[in-house]
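Here the structure is laid out as structure tokens; the discussion comes afterwards.
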Amino acid sequence: MHQVISATTNPAKIQAILQAFEEIFGEGSCHITPVAVESGVPEQPFGSEETRAGARNRVDNAQRLHPQADFWVAIEAGINDDATFSWVVIDNGVQRGEARSATLPLPAVILDRVRQGEALGPVMSHYTGIDEIGRKEGAIGVFTAGKLTRSSVYYQAVILALSPFHNAVYR
């Protein structure tokens, strides 16, 4: 059984990680241990590079806390231009897989507050009345009318980031 350290305690992110690992390696093939670690970037990262750095830092910090795991996984959400997205970083101590999620354009009223220094989650909670929306369906669920959720979009990115770990062409 794969021991997977999730560098987050966010249920939406953990669900995506578990589903993706089970899709690739088989149901019941992994045990997820969530840990809270620092990203080393602002609470609301801006730009692709800052967001990817946050995910990489989380993986590195999780490896230091739990060096005996098989995989370390981080998902860092950020804002780039007028949209939200995330970076997924997966490491197994030998190689690293990274993938960027789909991008969701955000309304100007939301972006204005985020650009003034507020994090997306609390701004979305204010407009929707959904407490801790970032730990649930997220802005993605709201603006796609539930057709996609934060977890479902992250799932795809985790699948992509796992590609180097089960395809011999990458080795």
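From the backbone N, Cα and C atoms, a Cβ is placed for every residue, glycine too.
What Swiss-Prot annotates here:
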type    : residues                   : note
BINDING : T8, T9, N10, P11, A12, K13 : substrate binding site
BINDING : E38, Q68                   : Mg(2+) binding site
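The Cβ of N10 (substrate binding site) lies under 8 Å from the Cβ of I75, G134, R135, each on the same chain and at least six residues away in sequence. Each of the binding-site residues T8, P11 was assessed for Cβ neighbours inside 10 Å, and the highest tally belongs to T8. Surrounding the centroid of the Cβ atoms of T8, T9, N10, P11, A12, K13, where the record places substrate, the chain contributes additional residues within 8 Å, namely S6, I14, Q15, P34, I75, R135.
Among the listed binding-site residues, namely T9, Q68, the Cβ with the most fellow Cβ atoms inside 10 Å is that of T9. Taken residue by residue with DSSP, Q68 (Mg(2+) binding site) is part of neither helix nor strand, so it is coil.
Neighbour density for E38 (Mg(2+) binding site): within 10 A of its CB lie 10 other CB atoms from the protein chains shown. Long-range C-beta contacts of A12 (substrate binding site), restricted to its own chain and to partners at least six residues apart, with a cutoff below 8 Å, comprise G134, R135, K136, E137, G138, T149, R150, S151, Y154. According to DSSP, K13 (substrate binding site) is assigned to a helical segment. The separation of Q68 (Mg(2+) binding site) from K13 (substrate binding site), Cα to Cα, is 22 Å. Put simply, E38 (Mg(2+) binding site) is 12 Å from T9 (substrate binding site) when counted between their Cα atoms. Note on K13 (substrate binding site): other Cβ atoms within 10 Å of its Cβ, all shown chains, come to 27. Between the CA atoms of Q68 (Mg(2+) binding site) and P11 (substrate binding site) there is a gap of 23 Å, rounded to the nearest whole number.
Counting only the Cα atoms, the space from P11 (substrate binding site) to E38 (Mg(2+) binding site) is about 17 angstrom.
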